[in-house]
Amino acid sequence: MSMENNHEERRLAFYQNIVDNPNPIWKSENILRLFLPQFTFLMVYIIFSTRSIHYILRPLNQPHFVAELLAGLLLQTFRGTILYDLLAPAKALLGIETIAHIGLIFNMFLTGLEMNLCAIMQARKKATSVAIVGTILPMVIGGLVYDVALTYSKEENTNRFNTNTAHLFCASLLSVTNFPVLAHILSDLKILYTGLGRVALAAATVSDFYNWATFVWLIPFSNGSRHPFVSVFWTMFFVVFCFFAVRPSLGKFLVKKTEKNEWDNYQLSFVVIGVLLCAHVTEMLGTHSIIGALICGLILPRGKFADMVIEKSDDVVSVYLAPLFFISVGVRFKLTIFLARNLLITAAIVLLSCSTKIISTVIATSFYHMPLRDGVALGALMNPKGILPLIMLNIASDKQIFDDNTYSALVLSVLIMTMTVSPIINHIYKPRKRFEKGKLRTIQNLKADTEVRVLVAVHNCRQATGMINILQAFCAANLSPLRVFILHLMELKGRDTAILNVQLEQNHSNHEAAEVENIASIFAELAAEASNTSNMEALTAVSPYETIHKDIYNIAEEKIATLVLLPFHKHASTDGTLEITDNAFKDINQNVMRHAPCSVGILVDRGHGSLSNVKFHIAMLFIGGPDDREALAIAWRMARHEGTHLSMVRILLCGKAAEVDSHAPVHDENQGLLSTVLDSGKEKMLDEEYVSLFRLMAVNNEDSVTYAERQVHTGDEVSLVLDELDKNGYDLYVLGQGKGRNSLVLSSLLEWTDCPELGVIGDMLASNSCGSSSSVLVVQQYGFGGTDFKTSNQGNANNEDVESLFGKRED
């Protein structure tokens, strides 16, 4: 008993404030000269170190939590130096931890504001089973981990530690899965929308709910209360009261004021008071203040109100206040666990901690006959930790449940469990190229009765409406079935848990909910009309626009799509001209075309009529190359739709216009002019074979298909041919992007294009100066490499040859 009292005195002395220069008024030091400068230095250190570490670890797909924890642990390496005394002096730590605790309270409030218990109640059987087994089995193994940790304390006195409570803490710690951190990892790895990603995120949500429930039971027992069940009972009563008494009336009031836009900063201050009040209630009941903050977030309404609160408070809470908590973790962390005598035990604790989730998940998934590789990957995805286990460890350290070495070893385990997730998934699961060159996923290589699988990516309802006619054209009666995947692209803004609102079918904001519902209804009408549509599936991808193309890649691979349809970054205005919708859409389209796992089509929508009309006129412009052959295959399928008339116009390059561009990229291993000529000759042979097949099977057998040829000798004649064709008033142009043509005149014209993703001809037809009112579908065929847009507008042709054709360019 005396040893416990002495240890408690040493711990309390850690925060003892000794006044060196008493002030005659306040009898204390000047806080402006002591705490504020030190707090400022600490904030600068946190911001600089966290962002630097996060930047360094970005190639490894590490979540921000790892950078924050490493920044806190890095502080321990400065112990004994002037820098450590400047950043974390003993006199200032109590104030710093107080501010950090406030940051934790509001961070948990924002987490609760983004959660939805309906997703937990509606979780599928597989995800629920994985979550339950992944929670119970680690709790059992957690006792073994603590028994190993006890060897740290054998040289001292093991009896001073509350081993019963310690076993419970260690068991609860290993069962935690933090779903916001997991969502960040899945998003970075671009597997959030795969089957494994969905199961992992759903299981993590259920598991996290169980972890919070366990935490409510755990804290009263750790406090040494004589009646811990009383604390649990009153806490549960408070939860029920908030959900069934406070939530209904409060929700109606907040939604009403939000819809009328009556909120201001003064009224929002009542939200802050409510968070602190709920936190104080659960603290008084004997659990923890963050439980009350989480409950406060759960009972508030979603939608516009939640978005407003998150937007106003997220940056301050997540970037500045919450990371202060990791300083307290770093101060408690002891580097002695890396000494030779402790290293073996530390390794054993880390290994056992990391393997418990994987073993339990593999056992659970074996009942669903999942491959071992997927079971291990799913188990690794259940390992990411967050703030909750660190809070448990800090409580255990303060209550003398764990000694310093055990605390440090478990903190290291939390760090390694989270850091190793991305490397493991990258090694054993990350999607690989499934499309072999001998089995190209292209429309041209599909048999007539083979299912056509199309991935349609849209940002809004206007773009969804424009895609309908393209899909209707694939729904010709008595032909191949059509399977459509509608992918709603949404930009990720704010906190990472916003991903969960879409992935787990939680509530969107009012605008987002209406947009999602409208897009789904637009394509639902197509599914009802198309008798041969075997399946239509709605998906949503939420990512930063800089990386959302990777989600499109992976979804197209998983769904084995043959064609990806993308909207142009401009839309038709009331006067018929094209206006920019969002320049970010242009970057997305170009990124998709670089490495897409199937053929890609970009639709320039000018409101092209309807296929329900008596006549729907399509013009297919064919010059040559793989993209044009793919475009012809698409137009050929469209021509089979009743009421559609297809006019194929082959543009023949003659004279200097037919000269081969010696600087064009080749598709074989040889280099030089000869290889370019051979490649060009091969392409011409393939073009002739496919055009001849089209003329034999389509033109001669169907009155709705016509064929014509136009000769072009110079670059100026290209625009003249397009002007002549546009007088026919086609509803839709279908053409190839132009890769592989190896024509000097077209390579030269590419220098002048504003939208290289459309190619030379597509850019002309989409230009407002052209005056065309027709829509344009530009196609890129898979299997011949993506388009490099960084060099596509720089030109590959020889300058002298260009000047001989078009004259000297004026800059």
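Easy rule for this one: first residue shown is 1, then count along the chain.
Glycine too: its Cβ is placed from the backbone N, Cα and C atoms.
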If I go by TrEMBL, the feature transmembrane segment sits on one of 69-87, 468-486. Which? 69-87
Going along the chain, which residues at least six beyond the ends of the transmembrane segment (199-219) come within the CB cut-off of under 8 Å? 117, 119-120, 123-124, 126-128, 130-132, 134-135, 168-169, 172, 175-179, 182-183, 186, 192, 231-232, 235-236, 286-288, 291, 294, 378, 381-382, 384, 388, 392, 395, 500, 503-504
Contact set of the transmembrane segment (270-300) with the rest of its chain, CB cutoff 8 A exclusive, min separation 6+ beyond the ends, reads 101, 104-106, 108-115, 117, 212, 215-216, 219-220, 223, 225, 228, 230-232, 234-235, 238-239, 242-243, 246-247, 250-251, 254, 306, 309, 391, 395
Please tell me whether the transmembrane segment (407-429) and the transmembrane segment (166-187) touch - that is, whether there are at least 3 C-beta pairs under 8 Å between them, with each pair 6 or more apart in sequence. yes
Please work out which recorded stretch in 69-87, 127-146, 166-187, 231-250, 320-340 has the most C-beta pairs separated by under 8 angstroms from the transmembrane segment (347-368)? 127-146
Taking a Cβ cut-off under 8 Å, which residues six or more beyond the ends of the transmembrane segment (320-340) line up next to it in the same chain? 42-43, 46-47, 50, 68-69, 71-77, 88, 93, 96-97, 99-104, 106-107, 346, 387, 390, 393-394, 397, 404-405, 407-409, 411-412
